[in-house]
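Annotation source TrEMBL lists transmembrane segment at 39-63, 84-114, 134-158, 203-226, 247-266, 474-502, 530-552, 564-582. Taken from TrEMBL, the feature domain 'ABC3 transporter permease C-terminal' applies to 44-150, 481-580.
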Amino acid sequence: MLAELDEGADPSTASELRLRTADKANIRLVKPIDQLNSYLQLANILTLLLCGIAIALSCQRYMQQNQDDIALLRCMGASRLQVITTYLCLLLLIVMVAIVLGSGLGMLFAYSLLQLLQQLIPQIQFSLTWTAIWTGPIPIAILTSVSLLVGFVLPSLWQLVNTAPVKVLRPSGVALKRLLWTGLSGGLSLVLFTLLISQQRQLGVIVLLSAVVLCAVVFLLMWGLLTTIKATRLGLARYLGLPVQSAIQITALSLGLGLIAVLLVLRQDMSSGWQQQLPAKTPNQFVYGLPPFELSRFEQQLSQNQWQATALYPNIRARLVQKNGQSFSAELISKNNALRRELNLTQSKAYPRDNVIVQGDVVLKRPGDVSVEVKLANTLGIKVGDQLSFSLPEGQFNARVVNLRQVEWQSFSPNFFFIFAEQSLDENAGSYLGSFYVPPSDQHKIARLIEQFPSAVIIDMSLILNEVKQLIQVLLQVLSVLAILVAIAGILVLLACINLLLDQRKKEVALLRSFGGSRAQLKRMLTIEFALLGAISGFVACICAEVIAALLANQMNMAMQMHLFIWVFLPLGMACISGLIGRYRLGYLCDLAPLKSLREFD
């Protein structure tokens with residue numbers, strides 16, 4: 001409907017009438033909604049990336065479990081075509097089951113989410129039709145999941161069907177070539193679908209490039225570090241597996257943890273930022289049109305009621321007509337509303353709290369000095385040192401630009417395009433405006449205040465503030481739901497990586513047990529090894545999370561900051577979790593007889 005109104009607007013009334021939607025308004029609702037949209041796109045990208053990593057790790061595990069079986073089939077006369085057909089049929093069956101289960105769970109979750117939003121925002125009616133489902137999200141989800149599966153499975157499947165029969169008698173280690181092709185094909189599918197479904201492609205490119213670069217750097221560093229430790233023959237070396245395998249596991253685990261941490265820290269930053277937008281005692285009343293002769297009495301009334309207030313600024317209306325003695329062009333006037341209407345001018349020795357000087361001198365020293373809002377200055381080509389001319393009812397007035405200011409227009413405090421030095425304007429030629437906070441217990445006093453100052457206009461903004469607070473609470477709950485979804489995908493990555501680690505250690509434990517290793521020694525070795533891998537992965541994940549979060553914060557117009565809690569929680573938490581999993585998931589092998597432990601591995 002809004003699009004139809006916008007398209008049907010009469011061009012002849014464009015200068016008098018404008019359709020202003022929420023995304024174009026200077027209100028505090030806009031920034032949280034924009035950030036939530038970016039966060040939603042980020043959650044989609046991270047979910048795809050985490051699912052891709054989980055699929056890649058699962059394929060790696062599947063290949064290790066089946067490579068000997070395929071080699072035996074080849075030894076017994078099975079052709080390559082027969083093997084390929086068998087595994088493609090198996091893959092197709094897996095895809096069909098995944099589509100049915102995933103679609104059902106997705107529709108159930110979508111319905112639950114819509115019901116949650118309906119309860120949080122009862123004014124909005126949500127609908128979920130079968131036509132919209134089967135023509136929108138379901139095909140995209142199926143195509144995305146199949147492409148990711150094919151992208152990560154094909155290299156491993158190709159390696160399986162090309163396994164030489166001699167593989168049965170001479171097993172090899174990690175195939176770097178196969179891992180490279182898996183990463184390239186899977187990464188290509190991720191890039192294509194990220195660019196296809198993401199509304200913010202720049203955000204997706206930043207995440208993917210950061211992940212690729214960090215993976216390469218982490219793998220090379222870990223491989224070099226573990227190789228060096230192995231070569232030194234220190235006591236720590238006995239608790240580490242093969243350098244290449246350990247480096248791959250640390251890289252995958254670190255990336256999965258890091259991506260989960262990115263979403264969590266950005267959620268915390270966004271929620272704290274939104275809540276800081278409405279601190280305690282945010283002004284909820286706005287006054288303008290206050291005559292100069294009633295200024296002192298109004299300030300006295302605010303003081304008697306102990307109501308916190310911003311400064312009351314003189315407000316003089318004038319038009320900007322010239323820059324450096326030259327009138328603005330007709331084209332510039334037609335494009336900038338500030339040149340077609342009267343502007344609110346003020347004079348003060350102090351700037352509003354949210355204003356920041358970005359260029360020029362801070363102090364307005366002489367009458368006629370003026371501070372200009374930086375975006376308007378850039379639009380009109382105004383620079384520090386320029387001479388501006390304003391048209392007032394009593395005549396033309398000239399001013400010199402001393403500095404440029406960044407203004408927070410979304411605040412509930414008075415803001416101005418132009419602030420002059422004191423004694424530049426005739427304050428009696430205009431009125432005063434400002435804002436103040438009235439506690440809920442004093443709301444009944446507003447009517448009395450209006451009676452005392454009938455010439456002033458007092459606007460109650462408490463309803464707007466309540467709407468903003470309600471919206472922020474809704475957005476926080478939506479953020480929590482999105483974080484849970486991505487965390488589930490991250491848990492799949494952690495489970496896939498840990499299962500891969502467990503499979504690789506089963507044979508080692510069985511062999512060490514058969515060679516006379518004691519139960520206590522083996523359990524201690526498993527605990528220390530898995531705890532070391534978890535701690536290293538957690539530490540590297542912190543670095544990855546901080547780097548990616550800093551890049552994304554800049555993209556989402558958020559303040560960059562360090563998150564000390566993840567530097568404590570991730571390494572220690574992963575060390576404890578991994579150590580316990582390694583000890584108790586493989587500990588049963590330590591309690592078996594040596595021969596039985598080897599049979600258990602087989």
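Using N, Cα and C of the backbone, Cβ positions are placed for all residues, glycine too.
TrEMBL: automatically predicted annotations, no manual curation.
In the domain 'ABC3 transporter permease C-terminal' (44-150), helix, strand and coil residues by DSSP number 93 helix, 0 strand, 14 coil. Looking at which of 134-158, 203-226, 564-582 has the most CB pairs under 8 Å to the transmembrane segment (530-552), the answer is the stretch 564-582. Within the chain carrying the transmembrane segment (84-114), a Cβ under 8 angstroms from the stretch's Cβ atoms is held by residues 126, 128, 133, 137-138, 141-142, 145-146, 149, 153, 157, 160-161, 481, all 6 or more beyond its ends.
Helix, strand and coil counts from DSSP across the domain 'ABC3 transporter permease C-terminal' (481-580) read 88 helix, 0 strand, 12 coil. For the domain 'ABC3 transporter permease C-terminal' (481-580), the mean pLDDT of the prediction comes to 77.
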